[in-house]
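So that you can see what the record holds, here are the features copied from Swiss-Prot:
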- Lys138: active site, N6-AMP-lysine intermediate (ACT_SITE)
- Asp48, Val49, Val50, Tyr51, Asp52, Ser97, Leu98, Glu136, Arg159, Glu196, Lys356, Lys380: NAD(+) binding site (BINDING)
- Cys474, Cys477, Cys492, Cys497: Zn(2+) binding site (BINDING)
- 659-738: domain 'BRCT' (DOMAIN)
Amino acid sequence: MSNLEHEAERVEMAAATTEIRQRVLELRQLVQRASYAYYVLDAPILEDVVYDQLYRELQDLETQYPELLTPDSPTQRVGEQPATQFVSVQHRIPLYSLENAFAVADMQAWQDRWQRQGQAIGEQSATLRSPEYVCELKIDGSALALTYENGVLVRGATRGDGVYGEDITANVRTIRSIPLRLDWPDPPPIVEVRGEAFLPLDVFHRLNQEREQAGESLFANPRNAAAGTLRQLDARIVAKRRLDFFAYTLHLPLASARSATQPAAAQQLDLLAVAQSDPAVAAQQLDLSSASQAESVTTHLPQTQWQSLELLQQIGFRVNPHRQLCPTLADVRQYYDHWNHGRLDLPYMTDGVVVKLNSLRLQEHLGFTQKFPRWAIAWKYEPEQAVTEVLNISVNVGRTGALTPVAELRPVQLAGTTVSRATLHNRDRLAELDLHIGDKVVIHKAGEIIPEILQVFPELRPADARPYQLPTHCPECGQPVVQPVDEAVTRCLNVSCPAIVRGAIVHWVGRDAMDIDGVGEKLVRQLVDRGLVNSVADLYRLTVAQLLTLERMGNKLAEKVVAAIAKSQSRPWSRVLYGLGIRHVGSVNAQVLTTAFPSVERLMAASAEDIEAVHGIGPEIAQSIVQWFQTPANHSLIEQLSAAGVQLAQDTVAVPPSQLPQPLAGKTFVLTGTLPTLSRDEARSMIGQAGGKVTDSVSKKTDFLVVGADAGSKLDKAGQLGIPCLSESQLLELLEET
């Protein structure tokens, strides 16, 4: 072939490549536009068959020419490989929670507070007298923080504790109403969008039907289903569940937010906030790379929350269509009343109304408390109630032998779900209600999750209604039950009780204990009912042949179960101790105890005084441990576990409690609110183990206040005294650093 022919071929190939590149870009634009119209605007512009043809053509070209594949392509929403874990990430701008209101008086008090704050900072009285509010539905889902760099989605994270969340980008990319690339020419270098991921009701009901047919446990409500879906390690499962997303907040992080090692208040880090006071400084802080970017960003910045929502919609997001501008608090009340009655007609769950001051300038001036923005509030719906009839009262027996009475109800719709059971807690609650079988009762969902009986109508009690008394014998094993002194709980003390055995094994195989994959409640029930397992030690004697006698058990699955059980033999001593299910010994306490007593022999030989000497371990825990090891059946269990090869010691040398590291020695802590992952006892134990002291009230002697959700007056007092506040993650960091 001549040089001329070579050159002609090269030119022809280059032309073909250019043509293909152009076609790929064209297909991406078509598919993205069609997806936006379908998933965001709910106004399809292409027939499904045409969309599928275009999508497949794009997919084929990207496979044939992998150099043309980019992360923002619509074909890249779902990855092929499941993740192994989620990584903790710090939010550039914190995700604040909202203050809650439950009545008109709460809303009026909130308005009075922000108006007083406005007067204190010199805000014009006309602005304070005539505010404008934006009302939005409070979607009952999971909050997400999305980060875009140069217009491309690079990170999706959960809310977490508001400072740290989990990176779930692969899962976020599967949500079709979240754009992979913003429809924003010359966007700012970094754009952050906050919103709510949720499961539409029709998808939720279909998902539960599929789970029921597969013999899997049902999701309690769409919120739990959405949260559980987002935490799936396999994005392919997430994609199948068809989550949706509404955006409600736009942030344009300044350079200071991108370089900060500790999060600051949102108004100090966001261009939209800073620009309300000094647009020139804000544009300078953005580090814009071109004049066109500067003009595009700084000349079209929203001045109001309403404009922010409109901009979010313009750049590709779905924004809730039921938002409304309200000139007065009276208009806000009308909006609330409308949706309080009309919420069940929506195709998704809501749990209230979010009310925000419309002016971004006023938002910036009012700022934040340590927990909430002063310029926004969540007006929660009243818990939905319903009247129904008690058909029967049954009793559940837990792993500790506790008998919990449960009311069996005539099925009724409550907060969007069918309710047929309600907990009665214990003997004292039964006595307080004076409940009879046949009574008409009012039920509600505590926190709109757990059904419980709120009120009994004795005047409507039928003549044949029967009073109820807790059984004197265990309904599972028939042995007499006891009422421990100073406890409202009635207990079965038979360690061979099937319910206690099942509960103990389910606890043992759980994620925080031995983490035995493939062994769930249904399999445990079969194993106990068939007499194959009577204690956790029996798990380690199971064979494939025995498992094959169970329902829905094939050879491959049986081999996996046996392998998973064998793998658990190497779990550390701290997990074993927690897995034993000793009352009051949580996972954190177990770690503390196994540090002080690095073998089961050392712990068995310890007195209550020895155990109580460990920082963070109180007399109740110490006595519970001593009593557990004094029981002959538990001695036998330890011997069987040892023979099975389970780790009952750790390699470290025992350290006397008095010589354990005490990095927080001399520091006094107070706990308030609900922490994301730790219980109060676990946090108290960790602080005590490190030498710190936890007290119940805030004073000048308090060094740190550890703050969780729904913190109370302790937070206000700490603010008045200038006491530093820590989130759970900051407490854990402090413990790790020291």
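Backbone N, Cα and C atoms are what each Cβ position is placed from, and that goes for glycine too.
Distances between the Cα of Cys492 (Zn(2+) binding site) and those of the recorded positions Lys138, Arg159, Lys356 are shortest for Arg159.
Those residues of the chain, other than Cys474, Cys477, Cys492, Cys497, with a C-beta within 8 angstroms of the mean position of the Zn(2+) site C-beta atoms are Val397, Gly401, His473, Pro475, Glu476, Gly478, Gln479, Val481, Leu493, Asn494, Pro498, Ala499, Ile500. With respect to Leu98 (NAD(+) binding site), the closest of these recorded positions in Cα terms is Lys138, chosen from Lys138, Cys474, Cys477, Cys497.
Packing around Lys356 (NAD(+) binding site) is summarised by its Cβ count: 24 other Cβ atoms lie within 10 angstroms of its Cβ, all protein chains included. When the Cα of the residue listed as 'active site, N6-AMP-lysine intermediate' is compared against those of the binding-site residues Arg159, Cys474, Cys477, Cys497, the shortest separation belongs to Arg159. If you take the C-beta of Cys497 (Zn(2+) binding site) and look for same-chain residues 6 or more apart in sequence within under 8 angstroms, you find Val397, Gly401, Cys474, Glu476, Cys477, Gln479. The helix, strand and coil residue counts that DSSP assigns across the domain 'BRCT' (659-738) are 30 helix, 16 strand, 34 coil. Neighbour counts of Cβ atoms within 10 Å were taken for the binding-site residues Leu98, Cys474, Cys492; the minimum is at Leu98.
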